[in-house]
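Worksheet: one structure, shown below.
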Amino acid sequence: MRPVSVWQWSPWGLLLCLLCSSCLGSPSPSTGPEKKAGSQGLRFRLAGFPRKPYEGRVEIQRAGEWGTICDDDFTLQAAHILCRELGFTEATGWTHSAKYGPGTGRIWLDNLSCSGTEQSVTECASRGWGNSDCTHDEDAGVICKDQRLPGFSDSNVIEVEHHLQVEEVRIRPAVGWGRRPLPVTEGLVEVRLPDGWSQVCDKGWSAHNSHVVCGMLGFPSEKRVNAAFYRLLAQRQQHSFGLHGVACVGTEAHLSLCSLEFYRANDTARCPGGGPAVVSCVPGPVYAASSGQKKQQQSKPQGEARVRLKGGAHPGEGRVEVLKASTWGTVCDRKWDLHAASVVCRELGFGSAREALSGARMGQGMGAIHLSEVRCSGQELSLWKCPHKNITAEDCSHSQDAGVRCNLPYTGAETRIRLSGGRSQHEGRVEVQIGGPGPLRWGLICGDDWGTLEAMVACRQLGLGYANHGLQETWYWDSGNITEVVMSGVRCTGTELSLDQCAHHGTHITCKRTGTRFTAGVICSETASDLLLHSALVQETAYIEDRPLHMLYCAAEENCLASSARSANWPYGHRRLLRFSSQIHNLGRADFRPKAGRHSWVWHECHGHYHSMDIFTHYDILTPNGTKVAEGHKASFCLEDTECQEDVSKRYECANFGEQGITVGCWDLYRHDIDCQWIDITDVKPGNYILQVVINPNFEVAESDFTNNAMKCNCKYDGHRIWVHNCHIGDAFSEEANRRFERYPGQTSNQII
């Protein structure tokens, strides 16, 4: 039975409610029945998994029937009221989209609106009891402060046994504890109960049970174990059993969802004739090498669609994108649940899903939305095998992009890195633990060439989210007792799981600037921006202009022309310019702000405003083999919110020395007709080329994803006209489609597939 905790209104609460009702007058006819029912004894409980005793899905019993609350319009104020109904002092947070699993039965309340001062949930506005257009995929939950209300009566808790739940699962190696490489893939199953760790009786244990346990531990699949060996070993050891009768279907994301039984305190004969349950898990490709197992070559069927995660700070989390007709697209969050999320996680080589995310929690995608209303049983090998609805334009928007957080194997990587000297746990000087001859020791990292990509890996290894800044100097932070530099020349691609996977100098430490003043530091953040260029607009607005030199003095002053313009016969003649508009969207979860402070912004007389970034975008003309033949020379940029999505307000503007940046949900538009919004192609010969635009090319400002910062188009130039087509974000196509793009022979069709 699932763990629940139940409280009922105390007689004093009932008396207080009646007194308040007499003071305030009779309730209106439309809300009267609900308040009356509440005053006569609503019951509340927390349910779901995995959870602690002070958090969970909120369930209310009314007229003898249990039901849930929809998350529409749910706020922290409503959570405060519900936590007090449950006997806690206040709420510290709330959850949506059935984070603790979907409930059953009625959905009692929808559009619940509380001010936070109400004495009861019945005093909050809502659509009325039982009036809802939600599904249980939208069940709300609360996270209460672990502090009880003084004098609150909790004598109506159902039974003590119902508080029992499997809080955590681990594998304990039967032999060689502490000597095996991480992650541990085989051993005895142990579950953490309120009174400590216990083993599980293996009577009736099945492969389905192992599948669920391995999924919780971050492994996509399981394999058979040497039962005879473990049976012999069990006879020589003492055991502490706390759980038996486990019967999983195999699709559960958590052991708490399986049918299981807890031993009672007075049970003396535990697991008669049985032994401790044992599992052997198969790690995914990312973790196979570190666990000492060889990577298994998993052959995919011909034509099988692929899946990827984008925008996540950690491995195994992100926005779900699937490949259809050689183009990547997102998944609508309608009907999105843990079963579908677990299929994605296992397909990618991780365990089951820890969380099914909705509402573009991992940022919005751009382009196609391929799937909607995905309904998986949990047994499918690919998301495309699940029943789903063909998407139409009016069905979904990118504000509903689905995401996942997967269970990952424990590797201990976070124990080999730490921060010191910072003002908070999210910032500080980076210290790493290294081995070698002698004992393990902590040391610093040389700040030379340390940047955003290296900081991304450090923050990921620390478990602190995204990188906000990578710092080459840390003299302004408190100095610690660690002074030795043990790592230098660190160069990361940004995708590594830990710093020791990045290229570095090894044991030969080379640091140009010595001393702890110039060691590497980071500032991490839970959110980050994500910039994308609207590629279709580039294709629609591209054209050639022969602009007279006497109109280009300001552009020449800002170095926006090719070098050959210096020897031109000014003010006579002209320059041939490829002009286009660029619309840069921030689809992340944090505003994009320039790295430089206001004190260092540069005034540009030609434009009449300050520029906050020297290098924000590169414009290039490339040959098919990647050789650059022309480039845009825009000296610097001003960042502002030109337009925003509905219900998003502009925050940044260039005029009047305003704050600069791009708000989440807004975009900065550089129109084709402004100075320097071009590439000087005067010296380019006729032929087939690639137009490339790269945003934030030097990674000066941190983002959640840099792989979508480049846009490419095919160009055919005949010396008089130019055709620009096939414009797309750099990672929007499959690898095969991108290879065909690079081999572009010069056709004028807009289709490359």
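Glycine is no exception: its Cβ is also placed from the backbone N, Cα and C atoms.
The annotation signal peptide is assigned in Swiss-Prot to 1-25.
Here Swiss-Prot flags Cys70-Cys134 (among others) as disulfide bond. Cβ environment of Cys70 (disulfide bond): Ile107, Leu109, Asp110, Asn111, Leu112, Ser132, Cys134, Glu138, Asp139, Ala140 lie under 8 Å away, each six or more residues apart in the same chain.
Residues within less than 8 Å, Cβ to Cβ, of Cys144 (disulfide bond) and separated from it by at least 6 positions along the same chain comprise Tyr54, Glu55, Ala79, Cys83, Leu86, Phe88, Thr89, Glu90, Ala91, Thr92. Marked as disulfide bond by Swiss-Prot: Cys83-Cys144 (among others).
Around Cys114 (disulfide bond), the C-beta neighbours below 8 angstroms that are at least 6 residues distant in the chain are Thr75, Gln77, Ala78, His80, Ile81, Val121, Glu123, Cys124, Ala125. DSSP gives Cys114 (disulfide bond) a coil state; it is part of no helix or strand. Summarising the annotation, Swiss-Prot assigns disulfide bond to Cys114-Cys124 (among others).
Of all Cβ atoms in the shown protein chains, 28 besides its own fall within 10 Å of the Cβ of Cys281 (disulfide bond). Annotation source Swiss-Prot lists disulfide bond at Cys214-Cys281 (among others), citing sequence analysis.
Annotation comment: Swiss-Prot describes Cys248-Cys258 (among others) as disulfide bond. In the three-state DSSP scheme, Cys248 (disulfide bond) is classed as coil. Here the Cβ of Cys248 (disulfide bond) has 21 other Cβ atoms within 10 Å, regardless of which shown protein chain they belong to.
If you look up Swiss-Prot, you'll see 290-302 marked as compositional bias 'Low complexity'.
Here Swiss-Prot flags Cys332-Cys396 (among others) as disulfide bond. Around the Cβ of Cys396 (disulfide bond), a 10 Å sphere holds 21 further Cβ atoms from the protein chains shown.
According to its DSSP assignment, Cys345 (disulfide bond) is helical. The Cβ of Cys345 (disulfide bond) has 31 neighbouring Cβ atoms from other residues within 10 Å, across all protein chains displayed. Look at Swiss-Prot and you will find Cys345-Cys406 (among others) tagged as disulfide bond, backed by sequence analysis.
According to Swiss-Prot, the domain 'SRCR 4' annotation covers 417-525. Predicted-model confidence for the domain 'SRCR 4' (417-525) is 91, expressed as mean pLDDT.
Residues or ranges marked as disulfide bond in Swiss-Prot: Cys446-Cys511 (among others). Non-local contacts of Cys511 (disulfide bond) by the CB criterion (under 8 A, 6+ apart in sequence, same chain) comprise Cys446, Gly447, Asp448, Val485, Ser488, Phe518.
Cβ neighbours of Cys492 (disulfide bond) (same chain, under 8 Å, six or more residues apart in sequence): Leu453, Glu454, Met456, Val457, Leu499, Cys502, Ala503. According to Swiss-Prot, the disulfide bond annotation covers Cys492-Cys502 (among others).
Sequence annotations record features per position, and here Swiss-Prot assigns region 'Lysyl-oxidase like' to 529-732.
Annotation comment: Swiss-Prot describes Cys606-Cys654 (among others) as disulfide bond. If you draw a 10 Å sphere around the CB of Cys654 (disulfide bond), it holds 20 other CB atoms from the protein chains shown. The DSSP secondary structure for Cys654 (disulfide bond) is coil.
Sequence annotations record features per position, and here Swiss-Prot assigns disulfide bond to Cys666-Cys676 (among others) based on sequence analysis. Every protein chain shown contributes to the tally, and the Cβ of Cys666 (disulfide bond) ends up with 24 other Cβ atoms within 10 Å.
DSSP classifies Tyr670 (2',4',5'-topaquinone) as strand under the three-state reduction. Here Tyr670 (2',4',5'-topaquinone) comes close to Ser581, Ser582, Gln583, Ile584, Gln677: these same-chain residues lie at least six apart in sequence, with C-beta atoms under 8 angstroms from its C-beta. If you look up Swiss-Prot, you'll see Tyr670 marked as 2',4',5'-topaquinone, on the strength of similarity to another entry.
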**Item:** Neighbourhood of Cys214 (disulfide bond) by C-beta distance under 8 A, where only residues 6 or more apart in the same chain count
**Value:** Pro220, Ser221, Glu222, Val279, Cys281, Val282, Gly351
**Asked** Other than its own, how many Cβ atoms are within 10 Å of the Cβ belonging to Cys332 (disulfide bond)?
**Response** 23
**Request:** Determine, using Cα-Cα distances only, which of these disulfide-bonded residues is closest to Cys654 (disulfide bond): Cys258, Cys332, Cys396, Cys676, Cys713.
**Result:** Cys676
**Prompt:** Within the domain 'SRCR 4' (417-525), how many residues are helix, strand or coil going by DSSP?
**Reply:** 17 helix, 35 strand, 57 coil
**Request:** Round to the nearest Å and give the CA-to-CA distance linking Cys676 (disulfide bond) with Cys332 (disulfide bond).
**Result:** 39
